[in-house]
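Quick look at what Swiss-Prot annotates:
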- 25-751: topological domain 'Virion surface' (TOPO_DOM)
- 41-62: compositional bias 'Low complexity' (COMPBIAS)
- Cys94-Cys551: disulfide bond (DISULFID)
- Cys111-Cys507: disulfide bond (DISULFID)
- 152-158: region 'Involved in fusion and/or binding to host membrane' (REGION)
- Cys185-Cys250: disulfide bond (DISULFID)
- 237-244: region 'Involved in fusion and/or binding to host membrane' (REGION)
- Cys344-Cys391: disulfide bond (DISULFID)
- Cys574-Cys611: disulfide bond (DISULFID)
- 773-907: topological domain 'Intravirion' (TOPO_DOM)
- 798-810: compositional bias 'Polar residues' (COMPBIAS)
- 860-877: compositional bias 'Polar residues' (COMPBIAS)
- 878-887: compositional bias 'Basic and acidic residues' (COMPBIAS)
- 895-898: motif 'Internalization motif' (MOTIF)
Amino acid sequence: MESRIWCLVVCVNLCIVCLGAAVSSSSTRGTSATHSHHSSHTTSAAHSRSGSVSQRVTSSQTVSHGVNETIYNTTLKYGDVVGVNTTKYPYRVCSMAQGTDLIRFERNIVCTSMKPINEDLDEGIMVVYKRNIVAHTFKVRVYQKVLTFRRSYAYIHTTYLLGSNTEYVAPPMWEIHHINSHSQCYSSYSRVIAGTVFVAYHRDSYENKTMQLMPDDYSNTHSTRYVTVKDQWHSRGSTWLYRETCNLNCMVTITTARSKYPYHFFATSTGDVVDISPFYNGTNRNASYFGENADKFFIFPNYTIVSDFGRPNSALETHRLVAFLERADSVISWDIQDEKNVTCQLTFWEASERTIRSEAEDSYHFSSAKMTATFLSKKQEVNMSDSALDCVRDEAINKLQQIFNTSYNQTYEKYGNVSVFETTGGLVVFWQGIKQKSLVELERLANRSSLNLTHNRTKRSTDGNNATHLSNMESVHNLVYAQLQFTYDTLRGYINRALAQIAEAWCVDQRRTLEVFKELSKINPSAILSAIYNKPIAARFMGDVLGLASCVTINQTSVKVLRDMNVKESPGRCYSRPVVIFNFANSSYVQYGQLGEDNEILLGNHRTEECQLPSLKIFIAGNSAYEYVDYLFKRMIDLSSISTVDSMIALDIDPLENTDFRVLELYSQKELRSSNVFDLEEIMREFNSYKQRVKYVEDKVVDPLPPYLKGLDDLMSGLGAAGKAVGVAIGAVGGAVASVVEGVATFLKNPFGAFTIILVAIAVVIITYLIYTRQRRLCTQPLQNLFPYLVSADGTTVTSGSTKDTSLQAPPSYEESVYNSGRKGPGPPSSDASTAAPPYTNEQAYQMLLALARLDAEQRAQQNGTDSLDGRTGTQDKGQKPNLLDRLRHRKNGYRHLKDSDEEENV
């Protein structure tokens, strides 16, 4: 009982002492504590917004309780503790666990240098040849006769061209020889059809004579044409008849022909294709192809041909071997040459003075930085004596020697003989290895000192069993694969070197890190092993090995960190790490400990040290840190504001340098265009040049042709010879009628013709009016119109036998006029009808008419007669009316014609 009382007294005293110390501490550091408390809550609240859920829960609990409230089951108040952070590692106790798994650190780590792929690299000079895709070009001569038949129909003023037919025929061989020796052609052509000989003459002359060749006006750069006639001839036939004429033109065309390897045929610019090798000479049929009719093929050695077909008496040239091929429309001739002398399968492409050859398992890689390309080839060399290399062998060796003399003669020596390789793309590489003179001297010195050396490098020979012949594969047109290979090889070498450095640095870093971990584990094995395994682990040394166990987890929300690190019982002593209180899971008993690294709780609070003033200590807890100044909590610090120790090992990796790829053009556009035997451009130019020769005289051609004439001609032609003759007759008659109608219509359409028709119409109207008025006067005054001489100039009637002037007498009465009209003599008229004269008989009437006719003839003769003395007309002598000229001349003076003396006597 006494012991219990004693214990209670001791506890009460301890509480009084603690409360007194707390009051004195709060009174001496009231301002600082208050500021620290406010800063702590502010920082904790700010950090809780970006922290984990557990932190927010702890902060809320701290805020919900009062500052002076006592923590459950402790003598501490909530103002004496701060919140916690469990972001990375949870709070745990690792010192209580017993190790069950044993581990140790490796000590004998050996880092070996990573070696790249074993490659045999050689330096040298490279000359590259490509396949020659340009077709073999040579000259050919084409002999032709052009027969042009034209049919026309002639109208009166127009000629209709009914049609034209052009036929190309081949001259006979005897005429070909005459053309080649004299530049002349005959003006006729004969053909046998079904046993009948048909002959055509130029201009229908029916005379066979020679015509001189002359240059055509239409030629181009690749073809030259010689003709005998430049203008097409046609003659107009008779009117309303058909006419068909013949125009014969001899034509010799010297044009270009192309043949592509393997030279089985060739094609000309005129569009002709000959299935014969241009190198076939009659004896090399196994090497040269022949696919034409052998009966029409001729070869003449030492054949003479004029040098210029367009010049008379031109000099003759002798050709070694000339071939002739007869066809239905032409004769083609060319000179036979030796294939080896005029063709070559290879042509120079590029040269690289700095080339690296790397040896792979089954191939060689020829890399050129200048060409930004890598070419692959088999290890088997091409036989230097291959016949395909004859045309380029000397040229390639000379180029290699020239490059060596220019760039390497002073510092390098040739290493080995010239070797030839064929790449996968069909290219041919001439390779000359080189090596520095200093290295060559060292090799020679080593060979002299080591007599037992059996693995000396020997020169490669092309005469060995590994030599092959050049294949007939075609060269590729695109070298993208070579540039891709160069890129891959460059990247491969760079990446391999980088990986080797990375692997070596990685091994060294692992070895160093392991040694550091081993030494640090002696201080805090749990922290080191937790960092290695990235999870909380309890570890302790068990001799020279480590024992591993899992840590004991605690209630995360019960952990509280004390603000004060001073030891109350021992003035001048301070805790080396902050004191924490916590509860184990499923327990309400409050435990004391100290905050370790990575939120590890160290059991007990015996870790103290002498207080050092001033003092600054920072303890990491998750993503934040507790800052204690003079062993009192001041604030929470974000870890990102504290710099870290840079312990990274530098890795020596250089960035890739820029590489500008060259645009490699294996074959130019000209070579690609020349590789085809058919050049469309030249063919069209040749066609247009010949088309311009076919021209017509437009003033002699009327288009369109009347459809009825064309239909009638077709109809009658289908009836045979008789129908054709009838058609010609009908066409002549119908053509005449049509010509007249067409002429009238054309005349009416002409402005001059229309004006003439208008004038004719006006003249017809005037004539009609004059005839009408004359007939009307004739009806009203028949005597005055029929016998104009009975009327005097003053309008009175003239009567013969009367001497008395009646102009002054009064006119007779009506009765007298009627009576006197029937009287024959003077005397008073009779008023009785019985006294009238007897009727005239027919004979008397007839005699009267005859007398009237004689009188009329005499009077008209007198009017039309002329006086031989003075030249005046008879009408003027007899006192007729003045003529029109006299009246116009004297119209203002009142001119009147006076009577002659004869007239006065008669009166």
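Cβ coordinates are placed from backbone N, Cα and C, and glycine is handled just like the others.
Residues 149-156, 159, 162, 728, 731-733, 735-736, 739 of the same chain sit 6 or more residues outside the region 'Involved in fusion and/or binding to host membrane' (237-244) yet have a Cβ under 8 Å from a Cβ within it. Counting every protein chain shown, the number of other Cβ atoms lying within 10 Å of the Cβ of Cys574 (disulfide bond) is 21.
Remark: secondary structure over the region 'Involved in fusion and/or binding to host membrane' (237-244) totals 0 helix, 3 strand, 5 coil, with classes taken from DSSP. For Cys185 (disulfide bond), the count of additional Cβ atoms within 10 Å of its Cβ stands at 28 [all protein chains shown]. If you count neighbouring Cβ atoms within 10 Å for each of the disulfide-bonded residues Cys111, Cys551, the highest count belongs to Cys551. Cys391 (disulfide bond) has Cys250 as its nearest neighbour among the disulfide-bonded residues Cys111, Cys250, Cys551, Cys611, going by CA to CA distance.
In sequence order, Asn566, Gly572, Arg573, Cys574, Tyr631 make up the list of same-chain residues 6 or more apart from Cys611 (disulfide bond) whose Cβ falls under 8 Å from its Cβ. The shortest Cα-Cα distance from Cys94 (disulfide bond) to any of the disulfide-bonded residues (Cys111, Cys185, Cys250, Cys344, Cys507) is found for Cys507. Among the listed disulfide-bonded residues, namely Cys250, Cys391, the Cβ with the most fellow Cβ atoms inside 10 Å is that of Cys250. Secondary structure at Cys551 (disulfide bond), as computed by DSSP, is coil. When the Cα of Cys507 (disulfide bond) is compared against those of the disulfide-bonded residues Cys185, Cys250, Cys344, the shortest separation belongs to Cys344. Straight-line distance linking the Cα atoms of Cys185 (disulfide bond) and Cys344 (disulfide bond), rounded to a whole number, equals 39 Å.
The disulfide-bonded residues considered are Cys94, Cys507; of these, Cys507 has the fewest other C-beta atoms within 10 angstroms of its C-beta. Following the DSSP three-state reduction, the secondary structure of Cys185 (disulfide bond) is strand.
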